[in-house]
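Just below is one structure, and these are the notes that go with it.
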């Protein structure tokens with residue numbers, strides 16, 4: 001508990017509010033993550049220069065280089081997978097979601113460095129993935145490291161890690177609002193004022209840094225599209241349904257390829273990315289647009305520079321190439337491939353609609369823009385973030401209304417068919433229930449100070465045996481806390497402790513409260529989270545815990561009861577359910593077993609299955 005108490009003492013000493021401190025940390029996170037994004041971009045360009053310029057100079061120009069580059073990139077991942085077998089598999093957004101939901105935002109600094117190197121190799125060698133997933137994990141790891149250095153508590157560390165995720169996405173895409181919404185919708189999975197403000201600040205600062213050193217304008221420069229007509233809404237609805245179906249195919253192909261490489265492909269795991277890279281290289285011989293994370297093919301599709309057959313082909317091959325890249329063990333994200341698939345799908349349908357309704361559909365490219373948002377929103381189950389992201393990427397506002405409709409339709413179709421996002425379904429296959437961790441996050445968001453009962457039954461350490469007995473008999477509680485002259489806690493006495501003395505006579509002058517007290521104390525502090533307090537209840541047979549200030553002396557401040565803790569949990573849960581009525585428990589697909597959870601909820605209260613030190 002020392003690390004948490006140091007932070008709390010700092011806030012009290014300098015009279016800094018929790019929110020003010022988090023905003024200050026968010027500014028620092030924005031700068032640090034902005035620097036990290038700059039370094040990551042340099043590494044990507046350096047890797048691309050090596051694989052597609054230096055390597056051909058060694059091996060000679062020719063089409064064979066297009067096959068060898070992804071293969072060589074996959075092979076170069078082998079040493080990192082061998083050296084860091086666990087960290088190498090904790091890739092991108094899912095790793096960040098797990099850290100925030102289940103580890104209170106704890107991530108290692110080394111994760112940022114490892115992800116930078118592995119992702120730069122994968123993407124720079126032509127792997128079909130995006131740069132946003134790695135930078136989200138990199139940003140979260142850097143932010144978590146800052147939080148750990150400042151020795152903040154669990155819930156604050158969760159918010160700080162989410163700030164890093166928002167800053168990473170905002171800086172790589174030059175999309176600050178999308179970064180905020182991604183952190184809230186996907187990473188934290190909740191909206192509340194305490195987390196919103198620092199996340200916004202981190203996103204703004206990182207974007208400002210990115211615009212100063214990387215790119216000032218939007219990533220996709222599109223020609224002006226004619227405003228949509230009301231009669232086109234049914235066509236955009238069809239696009240939304242198609243995007244929802246394709247997003248399910250994309251999700252299932254990704255997870256199927258992971259299972260294929262894990263169970264069906266033999267040999268060392270470290271060599272599998274090379275095999276995946278070889279397949280991507282062969283695909284790239286016929287469709288070089290699938291290489292890497294470039295936005296150029298997206299622009300070509302939306303601007304009408306591709307034929308109808310090419311668009312249909314690219315939808316399929318991008319799904320397959322991305323599945324081979326990431327399913328085999330390559331490092332990268334799925335947001336950029338989702339935008340690619342959505343743009344080609346939307347442009348394809350736009351051209352088809354224009355063929356049948358030439359007077360109605362004036363701009364097929366507008367369907368490509370809407371397709372990006374629809375497919376992205378469906379895949380990650382975050383339609384609001386997808387709508388805003390596409391708007392920030394393109395500055396295209398003429399199709400915002402049909403995009404809203406298509407995104408919602410695609411998200412609903414995907415949810416009905418797949419019952420989760422590409423992230424949560426992947427975690428569920430591993431037995432990880434992210435929603436259970438978020439329930440624990442509710443307890444992490446509350447402190448003992450919020451619900452402690454200030455009135456504790458106390459007696460001085462020099463009180464007689466009769467005084468103790470009368471206090472227990474006449475008092476409303478089952479516990480008496482023994483304090484010294486300064487009010488510091490020495491121990492606790494319960495009815496159980498007096499059983500062996502009940503029939504003894506002549507104890508009044510011989511036995512004092514100090515002698516009867518149980519001095520093997522388990523206590524909590526006012527700034528401790530309820531999640532930590534719950535764990536402490538698991539290794540004592542008491543219905544309440546003393547609350548003390550640890551500042552050289554254990555001064556008693558009150559008590560925390562199990563029933564009060566349970567009531568606070570239910571009240572906070574009801575409050576959040578009223579804010580988000582769609583987030584119902586039945587939507588969860590797979591639950592971890594009770595044995596794997598450090599706690600579980602019963603009708604009567606909390607039941608702990610393991611002890612986690614606070």
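The backbone N, Cα and C atoms fix where each Cβ goes, and this holds for glycine too.
Values in this document were obtained by computation on a predicted structure and should not be read as measured data.
Some features that TrEMBL has for this protein:
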COMPBIAS  583-594  compositional bias 'Basic and acidic residues'
COMPBIAS  595-614  compositional bias 'Polar residues'
DOMAIN    452-510  domain 'CBS'
DOMAIN    517-575  domain 'CBS'
REGION    580-614  region 'Disordered'
TRANSMEM  21-44  transmembrane segment
TRANSMEM  64-84  transmembrane segment
TRANSMEM  159-184  transmembrane segment
TRANSMEM  235-254  transmembrane segment
TRANSMEM  274-294  transmembrane segment
TRANSMEM  306-326  transmembrane segment
TRANSMEM  332-353  transmembrane segment
TRANSMEM  365-391  transmembrane segment
TRANSMEM  397-417  transmembrane segment
| Excluding the flanking five residues on each side, which residues at least 6 beyond the ends of the transmembrane segment (274-294) place their CB within less than 8 Å of a CB in that stretch? | 44, 48, 63, 66-75, 77-78, 123-131, 261, 265, 300, 313-314, 317-318, 320-322, 324-325, 327-330, 332, 336
| field | Long-range environment of the transmembrane segment (159-184) - Cβ separation under 8 angstroms, sequence gap at least 6 | value | 22, 25-26, 29-30, 33-34, 36-37, 40-41, 93, 96, 99-100, 105, 107, 131-132, 135-144, 146-147, 152, 190-191, 194-196, 198-207, 209-211, 214-215, 217-219, 382, 384-385, 388-389, 392-393
| the transmembrane segment (365-391): which same-chain residues, six or more beyond its ends, come within Cβ distance under 8 Å? | 173, 175, 177-178, 181-182, 185-186, 222-223, 225-226, 228, 235-236, 239-240, 243-244, 246-248, 250-251, 298, 301-304, 334-335, 338-339, 341-347, 349-350, 353, 397-400, 402-404, 406-411, 413-415, 420-424
| query | Tell me, what is the mean pLDDT of the domain 'CBS' (452-510)? | reply | 79
| field | Candidates 21-44, 64-84, 235-254, 332-353; stretch with most C-beta pairs under 8 Å toward the transmembrane segment (397-417) | value | 235-254
| field | Top Cβ-contact partner of the transmembrane segment (332-353) among 21-44, 64-84, 235-254 (pairs under 8 Å) | value | 235-254
| Is the transmembrane segment (21-44) packed against any residues at least 6 beyond its ends, judged by a Cβ distance under 8 Å, and which are they? | 11, 112, 116-117, 119-120, 123-124, 131, 134-135, 138-139, 142-143, 146-147, 150, 152, 156, 159-160, 163-164, 167-168, 171-172, 194, 197-199, 201-206, 208-210, 213-214, 293
